[in-house]
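Novice: Here it is, the structure in full.
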Amino acid sequence: MRAAQSNILLCLLELSLGKFRNVLLNQTNPVEAVIRNIASNVTVVIFQVHAQQNDVVISFDKTPLVNGSGIGADRGLVSILRPEQTICTWYLHSLDAGQVLSTAISIPYMEKDPIPGGCNLEFDLEVDPNIYLDYTLVDIHIKFAPANLGYTRGANPPSCDSGTGQNSRWRLRYDVYQYFLPENDLSEMVLMSHIRKMAEVQSIKANGIKMLTLTADDKTNVYFSSLPGQGVIYNVIVWDPLWNTSAAYIPVHTYACSFADLVDNCSSLSKLSTKVFFTAFAVLGLFTCFFGHRFWKTDLFFMGFIVSAFFFFVFITRITGLSYDVRLIMTAVSGIIGGLLLVVSWWRFGSVLLSMFIIGLVLGFLFSSTLFFTPLGDYRVFRDDVVFWVTFTCVALLIPVLFVGCPRILNILACGVVGSYTVILAIACYVYTSLAYITLDLLRRVLNNYFNRAYTNVPFQRNDFIILSVWAMLALSGVTVQLRRERSEVPFPPHPYLIWKRERERRSTNVLDPSHHIPPLRERIHNRLLHIKELFQKNQPAGERTPLLL
């Protein structure tokens with residue numbers, strides 16, 4: 001191990017074209033990377049270096065210049081080879097005083113291959129093959145410079161603005177690829193081993209997920225939904241349809257979180273308030289999953305809590321700047337009030353139809369969110385908010401409409417599916433799972449005006465299959481248990497007013513009922529008042545006072 005490290009720490013780093021090398025960098029000892037014996041048919045060499053979280057400086061000179069260097073965790077430079085040139089040299093060092101593990105590679109391209117970033121007008125480098133990435137808790141934004149056509153050594157580069165015909169760079173196409181790192185793995189060595197799969201054209205096509213294709217008329221920037229704690233690598237392949245040649249930009253990675261923050265870092269993403277809220281919510285949901293139909297008022301409270309909490313959280317987030325913890329507490333209180341109001345409204349008015357509509361709407365909401373969680377949600381037509389929300393609402397309303405004649409089946413399905421999904425949300429507070437984004441992406445779209453431009457593709461790996469199996473098992477078990485238990489029972493509790501009215505009629509007609517012999521309330525009150533009045537009357541004297549008739 002020490003021998004390997006001593007080789008890596010050499011100031012001179014000999015590289016071979018197309019071969020990766022791990023290298024330890026620091027701030028004080030720059031590394032000179034050299035490639036020798038470059039073939040004459042190679043016209044361009046793209047050299048790149050990658051680190052997990054520390055910025056690395058890559059430059060053409062020992063003293064980095066603004067237009068001849070790059071700084072970042074994923075950076076590269078393009079060397080345009082001169083005639084007879086067989087050696088290329090670059091210089092590397094990190095901005096951190098400690099040792100930084102990085103991996104470096106140089107990739108050759110021929111004269112007919114397009115040159116990534118060859119028509120750069122926005123960034124500092126004259127030819128910039130880098131992809132620039134910014135992230136928030138909501139979305140990830142990548143942008144890059146347009147490419148240029150390839151050319152032979154010593155020739156002048158094709159003009160970037162000479163025209164828009166098939167003989168210009170406007171014929172080029174850009175394929176954007178996405179690659180997910182293993183879930184719940186934040187190690188450096190995992191990143192170094194997987195970023196190699198996204199560096200060259202053939203490996204990108206074999207391992208990455210093609211998200212979209214851009215033409216020269218499109219803006220060279222793309223948005224994706226943010227997945228805090230999940231490693232993602234992005235890259236772009238520029239393709240020349242005339243020569244059928246391709247070249248790759250510099251891959252860029254992100255975890256959409258910070259390794260350096262003491263709170264809410266990549267290792268601990270969920271706040272304590274979030275864990276408490278969704279853990280308690282999951283306990284109530286699990287009870288509803290198996291016993292919701294029998295405990296009707298608890299079922300109503302659970303569904304009312306969901307509806308009220310969702311709309312109140314959206315409302316206060318939109319109009320206030322309160323902290324997340326305060327909003328979550330207010331959301332919990334509003335959910336409790338909403339659940340109690342739904343229970344009281346049923347108790348007072350007994351509208352099973354209204355209650356079932358709300359319950360069906362909650363199930364329809366989850367069903368519609370799941371539908372748009374699939375690749376269907378990334379279709380271009382749903383970028384339009386009007387199309388998206390009309391379609392989403394129609395799908396959500398389809399559930400209560402389909403089950404309007406089967407209220408018991410609808411309620412048991414809602415209890416089983418929605419109640420078991422709350423367990424998934426609780427699991428997501430402790431272990432990353434993509435299933436949480438079924439509802440989270442919809443909440444993001446409601447809260448953010450520009451989230452419609454983001455692609456919402458997520459990884460689906462071993463953990464997700466396990467958690468999906470848990471969800472399906474809980475939902476199926478809850479629905480089966482409730483259907484078997486309730487098959488011989490009445491569909492729903494009758495209206496409280498109807499119960500009182502039925503009891504009154506029974507007492508008035510059933511002479512064998514002891515309560516039948518109890519006088520009506522008005523008569524009992526009248527008798528009681530007469531009894532009280534007698535207490536204040538004087539006693540009459542004894543004896544006959546009427547005159548005797550002769």
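The backbone N, Cα and C atoms fix where each Cβ goes, and this holds for glycine too.
As listed in TrEMBL for this protein:
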DOMAIN    279-483  domain 'TM7S3/TM198-like'
SIGNAL    1-18  signal peptide
TRANSMEM  276-293  transmembrane segment
TRANSMEM  300-320  transmembrane segment
TRANSMEM  326-347  transmembrane segment
TRANSMEM  354-374  transmembrane segment
TRANSMEM  386-405  transmembrane segment
TRANSMEM  412-438  transmembrane segment
Novice: State the non-local partners of the transmembrane segment (326-347) in its own chain: residues 6+ outside its ends, Cβ under 8 Å from one of its Cβ atoms.
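Specialist: For the transmembrane segment (326-347), the list is 273-274, 277, 297, 300-309, 312-313, 316-317, 320, 354-355, 358, 496.
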Novice: Look over the recorded stretches 276-293, 300-320, 354-374, 412-438 and say which has the most C-beta pairs under 8 A to the transmembrane segment (386-405).
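Specialist: It is 354-374, which has the most Cβ pairs under 8 Å.
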Novice: Considering only Cβ pairs under 8 Å, which range in 276-293, 354-374, 412-438 makes the most contacts with the transmembrane segment (300-320)?
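Specialist: Checked against 276-293, 354-374, 412-438; highest Cβ contact count belongs to 354-374.
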